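Structure record follows, encoded as structure tokens.
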Amino acid sequence: MPTWLVVVATSLVMAVLVVASVMIGAIDVSVADLVAGDDDAWDVLLLSRVPRTTAILLAGSAMAVAGLVMQMLVRNRFVEPSTVGTTEAAGLGLLLVTILAPAMPLPGKIGVAAAFALAGTLLFLAVLRAVPVRSIVTVPLLGMMLAGVIGAVATWIAYRYDLLQTLGAWMTGDFSGIVAGRMELLWVTAALAVVAYVMADRFTVAGLGKDTATALGLPYGVVMALGLGLVAVVSAVVVVVVGGLPFLGLVVPNVASLLVGDNLRRTLPWVAVGGAGLVLLCDVLGRVLRYPYEIPIGVVMGVVGSLVFLYLLLRAPAGRSGA
Amino acid sequence: MITVEQVTKRYGTTVVVDDVSLELPRGGVTSVIGPNGAGKSTLLSVVARLLPAESGRVLLDGADVARTPGRELARRLGVLRQDNHLAVRLTVRDLVTLGRYPYSRGRTTPDDVAHVDAAVARLDLGGLEHRYLDELSGGQRQRAFVAMVMAQDTEYVLLDEPLNNLDMTHARDMMRTVRRAADELGRTVVVVLHDVNFASCWSDRIVAMRDGRVEVQGPPSEVIDTDVLRRVYDDEITVREVDGRRVALYYT
Ligand SMILES: Nc1ncnc2c1ncn2[C@@H]1O[C@H](COP(=O)(O)OP(=O)(O)OP(=O)(O)O)[C@@H](O)[C@H]1O
Ligand SMILES: [Mg+2]
């Protein structure tokens with residue numbers, strides 16, 4: 001298929017999804033009402049639906065890009081923020097700052113969550129280095145164990161402080177609470193996705209491994225640090241504003257890799273669009289399945305994502321290791 | 001000129017490169033031979049600043065490689081490592097284009113494209129350019145990696161076992177490419193080889209390593225010799241002169 005056709009088709013699909021996302025919900029917004037100048041309809045549209053849809057586009061694309069960057073840097077197809085403990089660590093950080101400094105303004109809380117997210121990622125890399133056997137499958141398994149441990153610690157603390165429900169809400173992505181005034185923070189993730197695109201070639205070279213990257217003159221440590229920092233901040237902002245979007249950063253880059261390869265200069269825009277599209281689709285599904293009730297996006301993503309993840313794991317060539 | 005000054009590299013308590021000093025003049029092809037585990041790859045990695053040495057240093061035209069800025073060094077020295085497996089999915093053309101990274105940093109110019117085209121042609125990869133590396137045979141992939149190093153267009157080229165996985169014809173072509181890089185482009189090429197006959201036929205100098213040390217070095221006429229090979233490999237190998245070339249008969 002010629003590229004322009006793919007671009008046109010993708011744009012059409014995205015446009016349909018966006019319109020669906022703006023129109024569908026517990027309160028009906030019809031084109032007729034809008035044209036008639038119905039104030040209520042316009043309020044719902046501008047204060048709820050448009051921010052929600054924008055948030056979906058921003059968070060979806062940024063998390064998918066974060067997953068892609070992490071896969072390049074760790075050199076394993078099956079890692080992403082929610083399978084190595086990054087997301088869980090961000091949640092833990094947010095929990096601690098909520099308990100210890102509840103009055104801290106939101107950007108400060110996000111900063112703490114990001115620092116925890118980065119620490120979680122580095123802990124994962126340290127564990128990875130210490131473990132002698134690395135097959136392509138053990139790497140994500142290790143990560144999920146670590147994520148489980150961090151999650152358990154957070155649960156225990158939340159239990160002690162009677163914050164279990166709050167923690168649950170953070171870790172399960174949900175766009176229904178998104179309103180104008182809070183989602184603006186997601187523009188940070190969009191800016192970081194653009195930074196990732198600017199750095200695309202550096203990440204591709206880093207994906208060749210430390211030795212080859214060094215031989216090509218890449219400051220490997222610097223790129224590693226910038227990339228992991230970027231992933232940590234994106235994960236933290238998304239956890240704080242939306243909640244966890246499990247497997248998103250895994251499914252989309254893997255499918256993109258099969259279709260267009262891993263040259264990030266070429267792949268990254270597709271991953272961004274694919275991430276936004278998948279989250280839009282899951283969110284619309286979540287709104288339609290039990291209409292007029294909503295199933296949180298985190299739940300829909302979890303089901304869809306884990307199924308695709310399993311499929312990808314099973315078809316992985318045995319023995320090829322990453323990291 | 002590559003100057004290795006008393007380089008020692010250890011893993012734990014095992015010394016794998018043992019106080020090696022070596023001078024490789026500009027130009028020409030140097031082959032490094034020696035048994036498995038002799039330290040050839042380790043020495044090459046130290047020269048290419050991919051591994052830090054415990055002591056000693058490596059100078060490239062007088063400048064310490066460990067202190068030269070990475071990007072500058074990447075424009076003067078290219079290296080192919082012995083094991084190249086990729087976790088990322090790239091096409092042959094993608095990979096070879098990354099060889100231009102030290103110059104382009106991703107913004108490919110027409111000059112970069114010309115170098116990539118030349119490297120692709122030189123390594124006979126024309127029909128495979130748009131194939132993914134994980135869909136190629138071992139030898140085709142090996143050629144793609146060498147093409148990447150060639151596209152890097154560096155004065156010094158270090159190749160660790162470039163003949164891995166290559167069939168008879170492609171192995172010969174690879175040595176021809178190496179030779180041309182030295183003769184026509186004035187490159188200084190260092191290749192690690194296991195087949196001493198390729199070393200004998202194509203190189204100007206042979207460096208033979210054993211147990212982390214340089215056992216002998218000299219032109220093929222001196223190194224490809226029953227007595228010398230016995231010292232390096234602990235083995236009795238008949239050497240014959242065939243059409244003016246020294247050939248080791250180690251097949252039986
Ligand atoms: N990462 C490592 N940790 C411990 N020992 C190592 C490591 N890498 C290499 N060695 C040891 O160092 C010695 C030299 O290894 P090197 O790879 O340099 O040998 P080589 O001459 O290239 O061998 P080959 O012909 O098999 O490629 C070997 O005994 C090897 O076991
Ligand atoms: Mg070796």
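A Cβ is built for glycine as well, from the same backbone N, Cα and C atoms used for every other residue.
Annotated features in TrEMBL:
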- A:56-74: transmembrane segment (TRANSMEM)
- A:86-104: transmembrane segment (TRANSMEM)
- A:110-128: transmembrane segment (TRANSMEM)
- A:135-159: transmembrane segment (TRANSMEM)
- A:179-200: transmembrane segment (TRANSMEM)
- A:212-231: transmembrane segment (TRANSMEM)
- A:237-260: transmembrane segment (TRANSMEM)
- A:267-289: transmembrane segment (TRANSMEM)
- A:295-314: transmembrane segment (TRANSMEM)
Q. Any residues 6+ beyond the ends of the transmembrane segment (A:56-74) with a Cβ under 8 Å from its own?
A. 18, 21, 80-81, 84, 86, 121, 125, 128, 139, 173, 175, 183, 186-187, 189-190, 192-193, 196-197, 203-204, 206-207, 223-224, 227-228, 230-231, 234-235, 237-238, 241-242, 245, 248-250, 252-253, 256, 262, 264, 267-268, 271-280, 283, 297, 322-323
Q.
I'd like to know if the transmembrane segment (A:179-200) touches the transmembrane segment (A:267-289) in this structure, counting it as a touch only when three or more C-beta pairs sit under 8 Å and are separated by 6 or more positions.
A. yes
Q: Spell out yes or no: are there three or more C-beta pairs under 8 angstroms between the transmembrane segment (A:212-231) and the transmembrane segment (A:110-128), with each pair 6 or more apart in sequence?
A: yes
Q.
Quick test of the contact rule: Cβ under 8 Å, at least six residues beyond the ends. What residues does that give for the transmembrane segment (A:295-314)?
A. 56, 77-78, 137, 140, 171-176, 242-248, 250-251, 254-255, 278-279, 282-283, 285-286, 289
